[in-house]
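Asks: Copied straight from TrEMBL:
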type     : residues                       : note
SIGNAL   : 1-18                           : signal peptide
BINDING  : 46-53, 59-60, 98, 125-128, 136 : substrate binding site
ACT_SITE : 47                             : active site, tele-phosphohistidine intermediate
ACT_SITE : 125                            : active site, proton donor/acceptor
């Protein structure tokens, strides 16, 4: 199922004031919920199928685009998020176009193109070294 592939995790956790982790330049960390305090939902969305995924190649840091199927998957994820009334304050993505475009297409479906988008190379896929571009 398309959505199962894209939405890796939806977890209710503490109210966020900023993205945690010094390496990404954030100042504050996640804080635990207490009593009747409002929580939030963290949505982790995997990028849609890339052209190299379709060709069964190790991608790593190679900046391959989404395939047509990948765009459809991203739009479907956005529709599901919209149908379930998800509202976002900020989005974080890697520097890779397949992740950025997945984010754009899904946000477009939720009518939330206005939210801040923060990119960080630390969110890039793992680097496969000499395996990059090779057949899996």
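Yeah, the Cβs are placed from backbone N, Cα and C, and that goes for glycine too.
All TrEMBL annotations are machine predictions without curation.
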Asks: Would you count the other C-beta atoms found within 10 angstroms of the C-beta of residue 50 (substrate binding site) for me?
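Replies: Its Cβ shell of radius 10 Å holds 25 other Cβ atoms.
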Asks: Would you count the other CB atoms within 10 A of the CB of residue 48 (substrate binding site), including those on all shown protein chains?
Replies: 27
Asks: Quick one: pull the CA-CA distance for residue 128 (substrate binding site) versus the residue listed as 'active site, tele-phosphohistidine intermediate', whole Å only.
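Replies: The separation of the Cα atoms works out to 18 Å.
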Asks: Between the binding-site residues 48, 50, 52, 59, 98, which lies closest to residue 125 (active site, proton donor/acceptor), Cα to Cα?
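Replies: It is 59, whose Cα lies nearest.
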Asks: When the Cα of the residue listed as 'active site, tele-phosphohistidine intermediate' is compared with the Cα of each of the binding-site residues 59, 98, 126, which one is closest?
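Replies: Looking at Cα distances from the residue listed as 'active site, tele-phosphohistidine intermediate', the smallest one goes to 98.
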Asks: With a 10 Å radius around each C-beta, find which of these binding-site residues (52, 128) has the fewest other C-beta atoms nearby.
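Replies: Looking at the binding-site residues 52, 128, the Cβ with the fewest others within 10 Å is that of 128.
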Asks: Can you tell which of the recorded positions (46, 47, 98, 126) has the fewest other C-beta atoms within 10 angstroms of its C-beta?
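Replies: If we count Cβ atoms within 10 Å for the recorded positions 46, 47, 98, 126, the smallest count is at 126.
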Asks: Within 10 Å of the Cβ of residue 125 (active site, proton donor/acceptor), how many other Cβ atoms can you find? Include all protein chains, please.
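Replies: Result for residue 125 (active site, proton donor/acceptor): 16 neighbouring Cβ atoms inside 10 Å.
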